Amino acid sequence: MNNEQLITNVKPKKEPLKTAIEIKDFNFFYNKGKTQSLFNINMEIKEKSITTFIGPSGCGKTTLLKSINRLNDLIDGVKMSGAIKIFDKDIFASDIDITKLRTEVGMVFQKPNPFPISIYDNVVYGLRSLGIKDKAILDQICEESLIKAALWDEVKDILNSPALGLSGGQQQRLCIARAIAMKPKILLMDEPTSALDPIATLKVEELVLDLKKDYTIVMVTHSLQQATRISDYTAYFLKGELIEFNKTKKIFTNPKDRRTENYISGRYE
């Protein structure tokens with residue numbers, strides 16, 4: 001075999017994925033520090049991956065999710081300690097721009113929450129709030145976002161119709177398009193399919209899998225089946241503690257902690 005053949009047969013090494021979110025020694029308190037809901041959370045979430053947070057109700061999943069873009073700041077009497085970094089930037093630094101942070105880290109909520117305006121105006125709402133007025137730019141981003149959200153073909157002829165006239169599944173995909181329009185690096189999703197029927201759920205799951213190539217996605221879910229279907233990594237929380245965090249296949253086939261095994265096998269009480 002000559003040198004040219006050797007060079008041809010060498011496969012290029014894949015670049016290791018960067019850490020998108022680093023959470024270190026993170027604690028969270030409600031009620032002016034009297035009630036602790038998260039205890040010493042440590043984890044690293046890789047870029048362009050899907051990570052699901054699982055665990056019983058009240059275990060801290062959503063609290064941690066909303067801490068990643070500081071939505072919990074809107075609640076009176078909360079306190080935090082530790083660090084959360086987004087692509088190595090401390091989100092609690094004194095000079096952080098909260099508006100920019102929430103642009104880079106988009107949020108999709110449990111219940112679809114389109115604004116009572118047109119489909120088009122929903123998608124470009126955030127852009128207009130940033131001062132973007134050029135209609136050509138707004139039109140382009142609207143179309144791109146709806147295409148990415150797998151909704152364009154269904155709404156391209158009714159963009160000026162009320163968003164509230166869409167089905168529940170369409171409304172949730174519209175909310176995803178609205179988040180995408182802001183060109184985030186990360187998408188946070190808080191049980192985005194819990195209010196949807198099985199067919200609409202499947203469409204959103206297919207969309208999320210497709211979005212992974214461009215975004216880092218962190219999703220809270222109560223559906224263990226959903227976690228196994230779509231996520232690369234799974235974190236199991238219990239009573240405010242991160243019990244186990246690993247590749248999803250390992251969590252569901254060979255968990256290291258007995259409490260994780262009990263939960264995924266339905267023995268949690």
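The backbone N, Cα and C atoms fix where each Cβ goes, glycine too.
Mean model confidence of the domain 'ABC transporter' (21-264) amounts to 95 (pLDDT, 0 to 100 scale). Annotation source Swiss-Prot lists domain 'ABC transporter' at 21-264, citing sequence analysis.
In three-state terms derived from DSSP, PRO56 (ATP binding site) belongs to neither a helical nor a strand segment and is classed as coil. Positions annotated as ATP binding site by Swiss-Prot: GLY55, PRO56, SER57, GLY58, CYS59, GLY60, LYS61, THR62.
Between the binding-site residues GLY58, GLY60, GLY60 has the most other Cβ atoms inside 10 Å of its own Cβ, all protein chains included. Between the candidate binding-site residues, SER57, THR62, the densest Cβ environment within 10 Å is the one around THR62. Every protein chain considered, the tally of other Cβ atoms within 10 Å of the Cβ of GLY55 (ATP binding site) stands at 24.
The record gives GLY55, PRO56, SER57, GLY58, CYS59, GLY60, LYS61, THR62 for ATP. Within 8 Å of the mean position of their Cβ atoms, the other Cβ atoms in that chain belong to PHE237. Sequence-distant contacts (6 or more apart, same chain, Cβ under 8 Å) of CYS59 (ATP binding site) comprise PHE237, LEU238, LYS239, GLY240.
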